[in-house]
């Protein structure tokens, strides 16, 4: 068999289903697109002994505990190939937490550990001369003794745990294997010749998982995938023969401690027997034939004499060899429910003929005998082996690097990218799969989230302690304001910032805050108090104009105060004077919100109003597209019917009072129709403006009206609009003049307000702002791709500037059936603090609920108008950059025509002087806005953080979710001016620099083969990989330019909790829904899905209900009201309301998820193996994506290689 042959990809569930597409993968740059690549030859040395820098206590997940006081931050992870044999443990029980500094590999050879490792003897001596392999071979002195017991052998083979008992999580922060894995007890008992049978199905009935994903290096920035589907080229080719379990035991016996995963080089060699926890044949289908053993000698790439076969004890009956006629060599287990033909017999026979001159290699393209991995590799993934190194393909980028030994006795580290591939027969099966990277042994987002919930949800989070990191956004917690703003208003990337610019530059950790000024608070928390100082207005510093806050220091008996931001001393106005107590605080400190709380509001005086005039109440104007497409889709009718009831829910501050917001109505296609709905009219009047090149308002009185006064006329109008335009044939629309009309109306009324535009198509009618179709897929992936995200002309940028000046916010609801140039149409909404909603291929019956819920929330949510935000900081740092939906006419003021409770502004800070550890750093965000009642107000949020001169303190107080939110906004904005590949490279490089700086300056000295992550940043690689794989930065073939522009604009104003679920969706197994608590989420990977289960996936924009093909009848009946899988309607968008506790609880969970998000999440039912499953799998972000995005494991290897290159 050709050692470099790559098996073809197979369907993850047996034979490919109709309509079930499979992703194809791009080869690495310059690599081999075909199934063959050059073979570098075997590594010939196997060096016994224990090299320097390794410890036998090699269980990966742990905190490094050593003399270095910083190492408690670290999560060491061995990602390098070992330079010697795997450690063989002495008789220690498996421990998740090793002693001392955790490293992987054999122990350092100091005098205290000079004794040879104790190897359990086995019954037969090993003869080196018996193997006829090329190259020199050092001797392997090993003795054998009595065979271990079945249970011991099982535990040793599994490489996970020794002794009985449940499998525990691998240390803090790492998730245990999901409960859906079958408890297969595949122990070995003596049998000759040994072969495999399927282990008995688990009692629980839960099917086994798909195989865990291999850790194949892969392309990051390549072009389009090749047309043919192929095995991912950078994973190692299969060996010349799959090595049977009856192989001579040519290495040390399995260790009772697992060899920590070596990630530097992932190879997908088909292994020997799978571990008991990984018997992964669905539905108890027989295992592939190529895993069966035979009684002859083990296969080799060369014929020659072989030592006697050592058959480990196995409970499998001995079948006939596959090459002989007779009963199939598999026993037990029910037949599969769907037909799963075995691999081709020619392949089976080729794999299991006795070695000799007649043996033929299988032909390329034959079906391989191993279940496919998630990313297309076959067999169980494995890492680099001690003494052997991975393949090298010329011209290819290899991710993850590991040193390999040379044949010489001296240990030398080779270039990680020039590591040859071993022969399969050189390693025993036990050793082969022991080195795969266990997905459960790398940092788990789920475990981190659950740990944070367990530790921080019970006690209220008090903000009085400066610089403490708040609970994660995924944790439900109560906040008590004691002088710093709640994390619901401000979240920082770091709560302990470097004292100097050099230190900040060295660490590369971004110094930023994500501010949500008008965030909604839960019912058990108090809204910011409103402080009214009368005509004098708020008390401020004379120099920097900072507002009175808890950081001001009163001096001279309370007659003056020193500013905490600029240290300027200001006189206290007589009306504000108060005596000080013995501690120097004012005696009324606790009675004044501005002296004791982090967030509060001031009533602004007329000096803070435009033109020194108190503002009018805001207005809402609804613009309805009545072109052919809009009427035909049903949008016009739905909008008109909904507005009749929605007008009762206009925003108001006092729920008991009527809203003071006035409303107006316009319809348009290529001309505009204004409506007079004055209360004194019996019927509404329509006025048409056809000269759209010079837009004006045809009426003043009767256009903007009070809802209660004109209700009858408004309802009459909304009934008539669908009838008036029911037979329209006008397909062209305008867009620019529509916004101009709204702007003119607000100017005429001298008020701020919001325009609601319901628009369906590209505005191609002759008018200002006319657009052309510029969608060009050929630009994707080129340097000109950035032009697709830029507006077509400067018209809308200029228009948005006028809108902001008037306080005219625009919300855009799009209903496109084709390209509408969201990048251009979205300029005004994004610049004015508005929102864009997109309903592609809108169908009234399917999308009505989603659209109406979005519209209701958009109309009702609390918001401010005509807002200006400024961020002040203490001496030493300053705000330098801003990200979000706003307009800036200077470098300091963020101007928002509208600011609602969902909008955030990200602010980046830089040093302009040295900071002091004693005083820390302060920031104050002040937002001046007009409330929906027409009152001018100032909302103030204060935040104090610590400063540090040690990098370790910085890394101990970071928040990864906020860092990812900032990175994604930075990257998405960069797309306007920078090629996508450059943006991706910049993100990877900065992440690598952050982690390399920690490794170099904070972590304990350790082997270069280890990836060491800061404790609070151990999820940075997985989350950053999700950003890199997002549709904006790495689109699939089916992602339109409009979708990418929409998502780019959407993310620009997302808060941290929404960006978290957007990049790392929440996946819940719906097994037991007892009580009020949610089931524990599982990780976002296909291997976590059970064919017998039902799962709910929340992405922030969609909800998916995935139904396994073998889901229990009772479960299906409880959810869908039908007991059979085939009768489930995949087109349903809401679950039937069934009278059973499970159905009620599931619908409650869905409703609660929707209530937490700013957009209504449409429910999509996905049946396993249905074509819609490809969309669902797109959101399983720990797996390799169809468009070439790396799996979590692969990206971790790539990140490790980048870090090592920086350190070297």
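Just so it is clear, glycine is given a Cβ too, placed from its N, Cα and C backbone atoms.
The shown structure was predicted, so the numbers you read here are calculated from the model rather than taken from an experiment.
Quick look at what TrEMBL annotates:
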REGION    1-424  region 'Disordered'
COMPBIAS  11-27  compositional bias 'Low complexity'
COMPBIAS  89-102  compositional bias 'Polar residues'
COMPBIAS  140-161  compositional bias 'Polar residues'
COMPBIAS  182-198  compositional bias 'Low complexity'
COMPBIAS  199-227  compositional bias 'Pro residues'
COMPBIAS  296-344  compositional bias 'Pro residues'
COMPBIAS  354-364  compositional bias 'Pro residues'
COMPBIAS  369-403  compositional bias 'Low complexity'
DOMAIN    538-576  domain 'Zinc finger Sec23/Sec24-type'
DOMAIN    615-859  domain 'Sec23/Sec24 trunk'
DOMAIN    864-947  domain 'Sec23/Sec24 beta-sandwich'
DOMAIN    960-1059  domain 'Sec23/Sec24 helical'
DOMAIN    1078-1150  domain 'Gelsolin-like'
For the domain 'Zinc finger Sec23/Sec24-type' (538-576), could you work out the same-chain residues 6 or more beyond its ends whose Cβ comes under 8 Å from its Cβ atoms?
483, 531, 584-586, 594-598, 602, 604, 872-875, 922, 924, 926, 938, 940, 942, 944
Taking every residue in the domain 'Sec23/Sec24 trunk' (615-859), what is their average pLDDT?
95
With DSSP, how much of the domain 'Sec23/Sec24 helical' (960-1059) is helix, how much strand and how much coil, in residues?
64 helix, 5 strand, 31 coil
Counting each residue once, how many in the domain 'Gelsolin-like' (1078-1150) are helix, strand and coil under DSSP?
24 helix, 12 strand, 37 coil
Quick one: DSSP breakdown of the domain 'Zinc finger Sec23/Sec24-type' (538-576) into helix, strand and coil?
6 helix, 11 strand, 22 coil
